[in-house]
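Notes to accompany the following structure.
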Amino acid sequence: MSDTTSHDSIDFDRYDRIRPIRWTGDALELLDQRKLPFTVEYVTCTDSDAVAAAIHALTVRGAPAIGIAAAWGVVLAARTVDADDGTQAATRLAPAMQRLNDARPTAVNLAWALARMRRVLAASGADWREVITREADAIASEDLAANRRMGALGAALIAPGSGVLTHCNTGSLATAGFGTALGVIRAGVAQGRIDKVYAGETRPWLQGARLTAWELQQDGIAPTLVADAAAAHLMSTGAVQWVVVGADRICANGDTANKIGTYQLAIAARHHGVKFMVAAPSSTVDMDTASGDLIHIEERDPGELFAVGGVRTAAAEIDAWNPVFDVTPHALIDAIVTERGVIERPDGAAMRAAFGG
Ligand code: MRU
């Protein structure tokens, strides 16, 4: 694993203005991503079931962001529980934590954040409420620091003057701030390495068209939107040198689950000699899952495919299949970038060397 770059040339605050999750001290405010880009509105959650419902409904979305939201959900659940110490609290909080965990199945960050909350609870005494509040705060601030670090590491792989294609939304909206793949792109633009950013629209939920395009505009970066179906043709023109995507779960052999459509981008990239980068914090690495075929791929309501912006576009009375993630085999990935460093040509041995297990 290599780590040879520095943060020095990036003005992070200039490129990091959006916060999707705000803890007020007694409530959780979530920027409602169902309404962006036309309405910028926070919803307020005052109990953990509201947080679980918001995660399920994609009010808050993106692997790191749902982990952070779930951690704050535990803090909200704690208000309904009396306990003398952390062990007792853990038992009483277990049903609420299970409901948070069940809100979405694919991104490991959700289970990872809840496991972290469970661990500190088990080790705490009468001060367990303060301990879990500090932990939720730490999960969020560590994510922001990880994103800034991996932004610099990933950008260093990209040659000046490059074009990049990204998929879904992996920016501030999907994290505590700055973003994973979009953090790499922000850092690459800041350093003059990236001249042109293409964003795939990401059917059916349009995370690319609605969220990534809007986020980049806030930074003064003008993205070019492409239909998902245009990606292979775009690569054939020579306009992009890297595909840069995020991840929802990276397995012990490097296989990576990410937004549906990522796998076909990786296949097209390999065919066209375009490099393929996955950027994700180490909280997305799941060394307990051996390979991608073991990942639970979320399937959502087929109705998401029938309409755009509430207007029906599909023929009446048809069936649809709506898996919302896919798995890119590790052999198609040129680099996995985490805050711990860069893994080139990831496989089981390289992953074990980086993450143990
Ligand atoms: O269904 P979503 O919008 O939660 O899916 C999000 C993605 O697939 C992202 O690429 C991934 O979570 C990484 S976000 C930093």
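Along the chain as shown, the residues are counted starting at 1.
Placement of Cβ uses the backbone N, Cα and C atoms for every residue, glycine included.
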**Report entry** Of the candidates R22, R99, R104, R300, the one that TrEMBL places in the substrate site of R61, G62, A63, Q207, N258, K259
**Finding:** R104
Query raised in the report: List, in sequence order, the same-chain residues at least six positions removed whose CB sits under 8 Å from that of K259 (substrate binding site)?
Result: H167, C168, T202, Q207, V245, G246, D248, V324, F325, D326
Query raised in the report: Reduced to three states, what secondary structure does DSSP give N258 (substrate binding site)?
Result: strand
Query raised in the report: Looking at Cβ-Cβ distances, which residues of the chain lie under 8 angstroms from R104 (substrate binding site) while being 6 or more apart from it?
Result: I55, H56, I66, L110, E298
Query raised in the report: With respect to ligand 1, which members of the recorded positions R61, G62, A63, R104, C168, Q207 satisfy a Cβ distance under 6 angstroms to one of its atoms?
Result: R61, G62, A63, C168, Q207
Query raised in the report: In sequence order, which residues at least six apart in the same chain have a CB under 8 Å from the CB of G62 (substrate binding site)?
Result: P20, N169, T170, L173, A174, T175, G246
